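Taken verbatim from TrEMBL:
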ACT_SITE  His115  active site, pros-phosphohistidine intermediate
BINDING   Lys9, Phe57, Arg85, Thr91, Arg102, Asn112  ATP binding site
DOMAIN    1-138  domain 'Nucleoside diphosphate kinase-like'
Amino acid sequence: MEQTFIMIKPDGVQRGLVGEIIGRFEKKGFYLKGLKLITVDQSFAEKHYADLSAKPFFNGLVEYIISGPVVAMIWEGKNVVTTGRKIIGATNPAESAPGTIRGDFAIDIGRNVIHGSDAVESARKEIALWFPESPVNWQSSVHPWIYE
Ligand code: ADP
């Protein structure tokens, strides 16, 4: 089954949106396979956003991500990478549809509350970076009530 890496950014933690965000993924039917509250340092944040290192907003982005604790998560389910991105909404909250996390809870692109992997391959890399320890192996007992 597919997995994705989801991170509630420091603004989401500060604003008390952790429960709301976890609830959206849980209620959809995805399975929580990893979870931790963690503060990362500059070199770790730069590694996570290495693909964006040439962007003019890179330094500000790194400052934002290291400015407070984040909630790092692994979520699992069918098409969870693509569907997770739909639940999150467009990068710029000004363009995120109402009903999406960014559409409902964010205003500015540099304070957009949440990160989600953009592809299966980047999800694999991000999970390896953020969860070097072995993930807990558990199966949900409601699986047949969600999947046909
Ligand atoms: P996404 O997070 O939707 O995958 P990107 O990978 O393009 O989007 O960008 C990573 C993060 O960098 C965004 O979520 C946002 O926090 C920040 N960002 C992207 N574009 C800008 C910008 N033009 N100005 C400021 N921050 C930006």
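Every residue gets a Cβ built from N, Cα and C, even glycine.
In sequence order, Lys9, Thr91, Asn92, Pro93, Ser96, Arg102, Ala106 are the residues near Asn112 (ATP binding site), counting only same-chain partners six or more apart with C-beta under 8 A. Put simply, His115 (active site, pros-phosphohistidine intermediate) is 9 Å from Arg85 (ATP binding site) when counted between their Cα atoms.
The secondary structure of His115 (active site, pros-phosphohistidine intermediate), as reduced to three states from DSSP, is extended strand. Counting neighbouring Cβ atoms within 10 Å of each of the binding-site residues (Lys9, Arg85, Arg102), the lowest count belongs to Arg85. Only Phe57, Thr91, Asn112, His115 of the recorded positions listed as Lys9, Phe57, Thr91, Arg102, Asn112, His115 bring a Cβ under 6 Å of any atom of ligand 1; the order follows the sequence. The residue listed as 'active site, pros-phosphohistidine intermediate' sits 16 Å from Phe57 (ATP binding site), taking the Cα positions as reference. Arg102 (ATP binding site) carries a helical DSSP state (H, G or I). For the recorded positions Thr91, His115, counting C-beta atoms within 10 A of each C-beta gives the highest total at His115.
Taking DSSP states H, G and I as helix and E and B as strand, the domain 'Nucleoside diphosphate kinase-like' (1-138) has 62 helix, 26 strand, 50 coil. The C-beta environment of Phe57 (ATP binding site), restricted to residues of the same chain at least 6 apart in sequence and closer than 8 Å, consists of Gly110.
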